[in-house]
């Protein structure tokens, strides 16, 4: 009996030590884990931050990933010009060269039949001619009056490079790609012995209800606000100024009971676009009392 009891006690002690070790290891892992929740209104640049973290801390995008994203670059480029052309009709802006009307019709026809990830010489030529038209440029200059991707001019100004047959998007091209985030995208990276988990959630109003189950245990919130949105309205509510919506959302997060003990970092994004826009579009559009 003595030997049996002793053997049982030893097994119990071994299990206890193993449990203690697992708890210590788990505690150490938890202490090194940082959970970051990216919040902000739609199109505030949250997904771009995730891409930047991948480039900086995960060796960037592989050649295979870059090739896969070529289709997104081409789609963003083509769709941007189509949006401008549709806006020309609504804003009553004519092409400077009447021949461009035929190019516009061909663009819409080709865009619906083009192979994904390919840009034919014919399509590239049409895009270049249209982008060079004075009427198109006038409409582009009024882009605050309709919804246009921030990356439109970046790609359209570089059509010679991105339309070559062997084109592979570079890291900067990928940073500019725009795909609406739906659901939750989780990114992991390590920095100075800390393991970061970054959660990117959909910013449009219809997506916000999905944020709630990311809240528990979050270390900090990075709230993204686009500085260049001061003269734009929401895609889902054209009566609401985007900057006002962002400020309203920020206030609700700062005063939310879920975040009483959570650090909140305000990230003012798209400064470069703001610096260019403010030269021609006054801040009084958003802030009437601004001097």
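Using N, Cα and C of the backbone, Cβ positions are placed for all residues, glycine too.
Features of the protein shown, as given by TrEMBL:
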- 1-24: region 'Disordered' (REGION)
- 11-24: compositional bias 'Basic and acidic residues' (COMPBIAS)
- 43-48, 150-151, 175-181, 200-204, 269-272: GTP binding site (BINDING)
- 47, 181: Mg(2+) binding site (BINDING)
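Sequence features annotated in TrEMBL and their locations in the structure.
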residue	record	Cβ neighbours (10 Å)
43	GTP binding site	25
46	GTP binding site	26
47	Mg(2+) binding site	21
150	GTP binding site	19
176	GTP binding site	18
179	GTP binding site	10
181	Mg(2+) binding site	19
200	GTP binding site	26
270	GTP binding site	19
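Checked against residue 181 (Mg(2+) binding site) by C-alpha proximity, the binding-site residues 46, 150, 270 yield 46 as the nearest. Taking the Cα atom of each, residue 270 (GTP binding site) and residue 47 (Mg(2+) binding site) are about 13 angstrom apart. Residue 150 (GTP binding site) sits 13 Å from residue 47 (Mg(2+) binding site), taking the CA atoms of both as reference points.
Calculated from their C-alpha atoms, the gap between residue 47 (Mg(2+) binding site) and residue 176 (GTP binding site) amounts to 10 Å. Residue 47 (Mg(2+) binding site) falls within a helical segment according to DSSP.
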